[in-house]
Amino acid sequence: MNTTLTDSQLDRWNQTGYIKLPEFLSEAETQNLREWVEEISAWPADDEKWMHHFEQTPSGVRPARTEYILAFHAGIRQLLTQGKIPDCAGALMGEPAILYKEKINYKYPGGGGYAAHQDAPAYEFIRNHITCSIAVDAATPENGCLFFTPELHQRGLLHLDKNGCIDREYADTLDWEPVPMQPGDALFFSSYAPHKSPPNETQQPRRTLYLTYNALAEGDLREEYYADKRRSFAQVDTTGGEKLKISKIGHFDGKPAQQT
């Protein structure tokens with residue numbers, strides 16, 4: 001697609017805090033991404049390299065997320081650091097963008113959802129940041145697409161609870177709009193835009209690539225972010241499944257698990 005954003009798209013972005021761009025990836029790019037995600041999901045656990053996270057589902061322990069991928073996959077590295085994805089992120093931010101973090105959320109059948117939250121509390125090292133999701137599979141309300149409350153992204157952090165999420169009582173008062181996606185669609189959203197997603201209640205996966213970009217002027221802080229994240233995870237007592245973490249905030253509503 002033409003990645004030049006129109007005035008109406010920019011107006012919608014400024015008003016709502018998010019914008020969906022259908023067919024952002026070409027059919028060939030979408031197929032490549034699907035194959036890459038299949039490859040990455042089959043990588044063996046290696047805590048010195050990429051970071052796999054797992055969850056308990058009705059079908060057993062399945063991958064929930066893989067992150068810190070860039071150095072280990074040339075195709076993913078090129079897609080995320082060159083061309084239309086960082087260019088579009090920069091256009092929406094109003095200045096050049098650089099990748100801050102990357103992850104694949106698999107959300108296999110029975111996979112857990114995510115409580116209402118904003119991404120910003122998890123990003124201590126940056127001020128100007130934006131998230132992009134790319135659909136690998138179709139995302140629907142039934143399999144756990146994202147839901148947003150528009151027009152709240154300029155109010156800063158909203159009623160945070162002890163887990164770094166939006167307080168559930170406050171979240172229940174908001175009007176949530178689903179944003180279904182087709183493979184290859186892109187969804188850009190402010191890290192202050194409140195969003196959530198339900199569990200996957202279908203028999204098909206809802207795999208999505210999530211990317212966060214920060215302003216290049218703030219520096220390349222990706223390695224610093226992941227070093228800090230690894231340190232924080234290393235401090236978690238992993239003797240009980242309920243204490244495992246897949247994120248620096250407690251928004252995951254599934255059941256983190258050790259790989260079996």
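Glycine residues also receive a Cβ, built from the backbone N, Cα and C atoms like all the rest.
Remember, it's a predicted structure, so these values are computed and weren't measured experimentally.
What Swiss-Prot says about this one:
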BINDING   Lys107  2-oxoglutarate binding site
BINDING   His117, Asp119, His195  Fe cation binding site
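Location within the structure of each feature annotated in Swiss-Prot.
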| residue | record | CB count, 10 Å |
| --- | --- | --- |
| Lys107 | 2-oxoglutarate binding site | 32 |
| His117 | Fe cation binding site | 24 |
| Asp119 | Fe cation binding site | 22 |
| His195 | Fe cation binding site | 26 |
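Rounded to the nearest whole angstrom, the C-alpha distance between the residue listed as '2-oxoglutarate binding site' and Asp119 (Fe cation binding site) is 18. Listed in chain order, the residues near the Fe cation site other than His117, Asp119, His195 are Tyr114, Ala116, Gln118, Ser191, Ala193, Pro194, Lys196, His251, each with its Cβ within 8 Å of the site Cβ centroid.
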